[in-house]
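Student: Next up is a structure, given as structure tokens.
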Amino acid sequence: MTPENPPDNNRSPVSLCFLMFSSAKEKKLAKGTVSGIQKSGYLTKSAKNGSGIWKQRYFVLTNNTLTYFSDHKKTDVAKGDVLLTEAATIEGFEEEGVKFGFKVSTQFVTMKMAAEHSEERKVWVNAIRVVIAELGNSMRGYLHKAGRFLEAKQVRKFFMLHNDCLTYHSDLYKTSIIQGLRMFSGKTTVETEGPKTLIMKTNLKDNKFWKLRAENEEERDKWVNAVREKVSKLGFMEVDYENTKVDDVSKESLHTGFLSARPKSGNVEWEDRFFVLTESELYQFEDDSSMAPEHVYVLSPNCSVFETKLQEHSFEFVTNSKVLHVQGENAEVTAGWIKKLREAINNSKAITNDPLLEAAKKQKAIFYDVIFETKKPLGLVLERSGNWALVKLANQDTTHVSIGSALTTVNGDEVILADYTKTIQRLTAWQPPLSLGFRLAPEKRGWLTKQGRGRKSKRKNWKPRYFVLAEGRLSYFSNDGKDAVLKGVIHLMGSAVSLVHRSETSQYFCFKVVSGITGIIMQGLTVDEMMEWASAIYHAISVANGGGYLLDVEKDRLKQLELEKNKGEQGGKAEVELLEKTQIEIATSKEAKDAAEQLEKARLEAEIAEKTGDDEAAKKARQLEEEQKRKVEEAKKREEEAVKSKKEAESVVEEINSELAQMELKKADSQAIIIDRSKSKLEEEVKKKENEVKKEEEVKVEETAAPTQEKEKEKEKEKEEEGGQDQDEEDDSDSSSEESSSPPPPPLAHDKSRRRSSVPIVPPPVPVAPPPEEDSDEEETKFTKKHIQTKDLKARTVTPGDPAPLLTPDELRTVFATVDHGVVKGQLNPMLFGTLIRSITNCKNLFDEMNMFSFFNTSGDGVIDVEEFLERCKRIGEERDGRCTVFYRGLVKYHQSQGFVL
């Protein structure tokens, strides 16, 4: 619906998305308004006065207007706009000094713009044409609005219908000033009254409404239908939980009970709350008799649950956009909730119309294989996330395995949907050749604007930061040069990402990553850049959290493979059947040909007999001819049936081949990229590295006791809990002595040879010291957290010189008899040995642990038995460095901590 033509002047309306405000109240209302942003970015614009001056401006295309600003940081006040109509035209032009120009003309105004290159102009022109083509479904026009107290007093206002709200303005020329705004919700209703009036109720919490009168019944009906259509599309975004009582949801609950929840401020004691878990939501009530929930967390396959160390028996529940920290009364209560939550997540359905989920599904997935051809050290440490095995540590130069990758196959067998314990058991006693397949952790890098939170004031400052997404973490730096300073790191395991409404930041194109009890807000330059980064992080978080929506993707992929297999088998059978039908056709064709020849022969014999006057011979010949005619007809009939049957078989084969071709095309067009990192492809490089190092690495495929971060991260957490200095305070001086300089972030180039030593894809290493604390304030003081899924072992340091009884062989055999790692009793595998080392010596160096394991594992079979341990302990004892005593004590303490009494 197009508004009536205004007088010919230079004034034009301004889009709802970017508004000037007459009051603070209107500004607050309008902050929550987003009106279908289709495209944004910088263009060069010609001055309206025809002076020939061109200036760079930030443009935003919405469902109604093309609006421009001085830059992307100042979107509260528009410099101008073009109100698009159905009659608007757009065409390209070139003139002196302008190569890639285009202009938009309406009955109101003409605006000239220019892009940097032809491709950019093409994208803008196409986007504007799409908006113009859809304007026939838009609603903009004048309605009479009844007064709040005196309905008889009606005022004529100009109304504009947007994707999520309805606004009115004084007239067509002042759409930049909002006089009234009603946001839509799932409960918005529109009813008719009389021939011209409509009544719209929008608020879930009160009975406020707008009473509007159109010029006629037809126009009124158009408004009613248009508003109802917008509301129906937004219905999924809001659910009315206001009157949901504990008793209402408890009837269909999967689990209920009290938990202590971490308050938002984080500086007070955790508060007891009553929780109710259903098939699709987790409800948080103040107590078990509340009339309405405080919070509702929607379940989806992308949710996850992790144990934490914020409190004793604490854990976190991570949704698509939130992180809930709670604490059970004891270990049994916590374990019960974790089990029920994970079961509910596994059975949950994906959230429909989730823009991030849909965008994440289009992300490229990179898979690669590594082959170990000889029985030698793998140099890998795996940690558990859900049922996925993630690479926690790896010698990337020799194994060519990237940290953060997810194990997908073992010797060609899919393990992506298998139980984690069974996967690890397969790797415990591996034999060469061993082929391991991995999914690479998503990678991306580039500039974003980040919101800082200084302690000195409540003002939110925004600064450009160079971000690197790789290896299951999001790092950001002061710049992308050689002098880059690491400003902060977010570990993605247990994190969530969500788009941020403008009402929270007063900025467009923002998104937030929440990790543990902290989070950072970032802003893209355009809506496309925001979605690219947010969806890439969404994808990376799904990998780090053990699958998320990717589990459904993998299930669909396996179903597709099974379908292809079945189709292939059907195709094979159809080919065989076609071959048989072809042979039958050939045989019947020959039979028909022979029958025709016999018929011709019988006819000739009959003619000869008749000419010679031999009536008897002629009669027999005519009988034979008739018989041959019958045979010919039968043969032709069989031939026709064979031809028809063959065509049907050909059609079946063609249909199956077409389906298989479509499957192959779909597979080729899928988001999976296969990279060959096989050891045979890189044999020369590996040998070169081995010659340089001149030592053998240790066999190490370790199942970590929990998906924990390194111990220094725990120290970071403790330090951050005490509070620290924000590096992005108001002055944002990057010369703080606490800042740590890092090498410049390397490029994320996917070299086909995957030479990790020459083409690294990891961000600069995080220093051992706690990284600078950015974005910490009174409410959120942490960057990192530690996830614990099983009983955590506290590190113990034992002084070798302490007096202790010497270890006897009988005592050692008694100790070893209690060792059980799930495969063979009485042996230490790399995982148990590594845990023993850390619990005794507080060792933090993985490769030192691997060297020590190799020293004890004299047989090289990947496990240490009692005789090997005795022999090496004897050797250490002879050297009198005290390690034998330390090992004995540590082994006893470790098993006591696990519930064994020696």
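Glycine residues also receive a Cβ, built from the backbone N, Cα and C atoms like all the rest.
Straight from TrEMBL, here's the annotation block:
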- 36-133: domain 'PH' (DOMAIN)
- 136-232: domain 'PH' (DOMAIN)
- 252-346: domain 'PH' (DOMAIN)
- 441-542: domain 'PH' (DOMAIN)
- 607-650: compositional bias 'Basic and acidic residues' (COMPBIAS)
- 607-805: region 'Disordered' (REGION)
- 676-722: compositional bias 'Basic and acidic residues' (COMPBIAS)
- 723-737: compositional bias 'Acidic residues' (COMPBIAS)
- 761-771: compositional bias 'Pro residues' (COMPBIAS)
- 844-879: domain 'EF-hand' (DOMAIN)
Student: Could you tell me what the rest of the chain brings near the compositional bias 'Basic and acidic residues' (607-650), counting residues at least six beyond its ends with Cβ under 8 Å?
Tutor: 574, 577-578, 581-582, 584-585, 587-589, 591-592, 594-596, 598-599, 601
Student: Could you break down the residues of the domain 'PH' (36-133) into DSSP helix, strand and coil, giving a count for each?
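Tutor: Secondary-structure composition of the domain 'PH' (36-133): 16 helix, 45 strand, 37 coil.
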Student: Which residue counts does DSSP give the compositional bias 'Basic and acidic residues' (607-650) for helix, strand and coil?
Tutor: 42 helix, 0 strand, 2 coil
Student: Count up the helix, strand and coil residues in the domain 'PH' (136-232) according to DSSP, in that order.
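Tutor: Residue counts for the domain 'PH' (136-232) by secondary structure: 21 helix, 39 strand, 37 coil.
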Student: Taking DSSP states H, G and I as helix and E and B as strand, how many residues of the domain 'PH' (441-542) are helix, strand and coil?
Tutor: 20 helix, 51 strand, 31 coil
